[in-house]
Amino acid sequence: MTTTKTNLLDFDRKGLRAFFSEELGEKAFRADQIMKWMYHFGCDDFDQMNNINKKLREKLKQKCEIRAPYVSEAQHSVDGTIKWAMKVGDQDVETVYIPDGDRATLCVSSQVGCALACTFCSTAQQGFNRNLKVSEIVGQIWRAAREIGLEKETGRRPITNVVMMGMGEPLLNMKNLMPSLDIMLDDLGFGLSKRRVTVSTSGVVSGLEQMIGKVDVALAISLHAPTDKLRSEIMPINDRWNIEAFLACVREYIASSNANRGRVTVEYVLLDHINDDMDHARQLAELLKDTPAKINLIPFNPYPGSPYKKPSNSRIDRFMKTLMEYDFTVTVRRTRGDDIDAACGQLVGDVIDRTKRTQVKQQGEAIPVKLFNLDVLQQGKAE
């Protein structure tokens, strides 16, 4: 859908106030009122905003819109997990809702596809098209809240936690990630606690450096290997920023953060007979000895055509117990939504691939382990 109207979901509070002042000739408090309507009440109809005068409502209808991605398909798991295909332009990204008692976590995408080509991730096999806009990132939360039921309707928050662990690498979309995080944390936005918003990164050091001292949220890092040699084999980004550089930046961010309570969450996908033996566990413990961390082990979630397998329960248990001998807090992630391909590493969406990765795969050739031009992404030229 092509439109010349300005989508107000693309602005954080600072940007919305500037837009109201400079483009609409209105006072800042009007922007605050609109923001509250959008995020507290899930309102996308200016006529329903009854504390806004009619003249301004008419101006807003002429020049602006409130447009979030819409749900093109929904799949429901037996465990209560819901996976939505969210329409962004002519493509889809996937968003996952994971209820757990009084908590409800939303796994949000940051890109259409992913540029990083991690060999164990289904999203990576789809290739990459573009970064999501602010309205397409926060719009996933906005739409999910509408689908589940707004707090004013149900008496409980529809979303209590947000994890930037969907499709894409969040720190390759800094231009749109930062204002999106501001909206998630803002009392006039979604009003989430900084400890309940998690950004996960595969190791984009330049992006993490930009976050230091500017935004304080929970940090999770996708490590997945204890040595540079193995990590480079399964995660090509390691050739750009190796483990040492990555962990040094992580320690700097954690030192500046209150949200993380002094330690980072290390995500480690367990691939059968690839990175899951006791030597790997001991190497991982040695690697992390100077980085305060809790370790989240993720048994591999298979997807069609995957070259990897999930380890046996005994191998998972041995790996976990070896790490615990070094006094690490270790958890094994409980798989949710795997019956609808909504588990970690299984999200695919509908991607018009700019990397030709899918074309190569269809021709029966090995997918080249090559990064999309990261500089293009970091400069915000892949919108």
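Each Cβ is built from the backbone N, Cα and C atoms, and glycine gets one as well.
Annotated features, as they stand in Swiss-Prot:
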ACT_SITE  E94  active site, proton acceptor
ACT_SITE  C344  active site, S-methylcysteine intermediate
BINDING   C114, C118, C121  [4Fe-4S] cluster binding site
BINDING   G168, E169, S200, S222, L223, H224, N301  S-adenosyl-L-methionine binding site
DISULFID  C107-C344  disulfide bond
DOMAIN    100-339  domain 'Radical SAM core'
I'd like to know which of these binding-site residues, C118, C121, is least surrounded, judged by other CB atoms within 10 A.
C118
When you measure from the Cβ of C114 ([4Fe-4S] cluster binding site), which residues in the chain that are at least 6 apart have a Cβ under 8 Å away?
C121, T123, A124, Q126, F128, M167, G168, E169
Roughly how many Å lie between the Cα atoms of C107 (disulfide bond) and S222 (S-adenosyl-L-methionine binding site), rounded to a whole value?
15
Could you tell me the mean pLDDT the prediction assigns to the domain 'Radical SAM core' (100-339)?
93
Would you mind checking how many other C-beta atoms are within 10 angstroms of the C-beta on N301 (S-adenosyl-L-methionine binding site)?
22
Through the lens of DSSP with three states only, how would you label S200 (S-adenosyl-L-methionine binding site)?
strand
Measuring Cα to Cα, tell me the gap between S222 (S-adenosyl-L-methionine binding site) and C118 ([4Fe-4S] cluster binding site) in whole angstrom.
11
Using C-alpha atoms only, work out the spacing between H224 (S-adenosyl-L-methionine binding site) and E94 (active site, proton acceptor) and round it to an integer in Å.
23
To the nearest whole angstrom, state the Cα distance for the pair C118 ([4Fe-4S] cluster binding site) and N301 (S-adenosyl-L-methionine binding site).
14
C-alpha of S200 (S-adenosyl-L-methionine binding site) to C-alpha of E94 (active site, proton acceptor): distance in Å?
16
Return the maximum Cα to Cα distance in Å (whole number) over the record's S-adenosyl-L-methionine-binding residues: G168, E169, S200, S222, L223, H224, N301.
19
Do you know offhand how many angstrom separate L223 (S-adenosyl-L-methionine binding site) and E94 (active site, proton acceptor) by C-alpha?
23
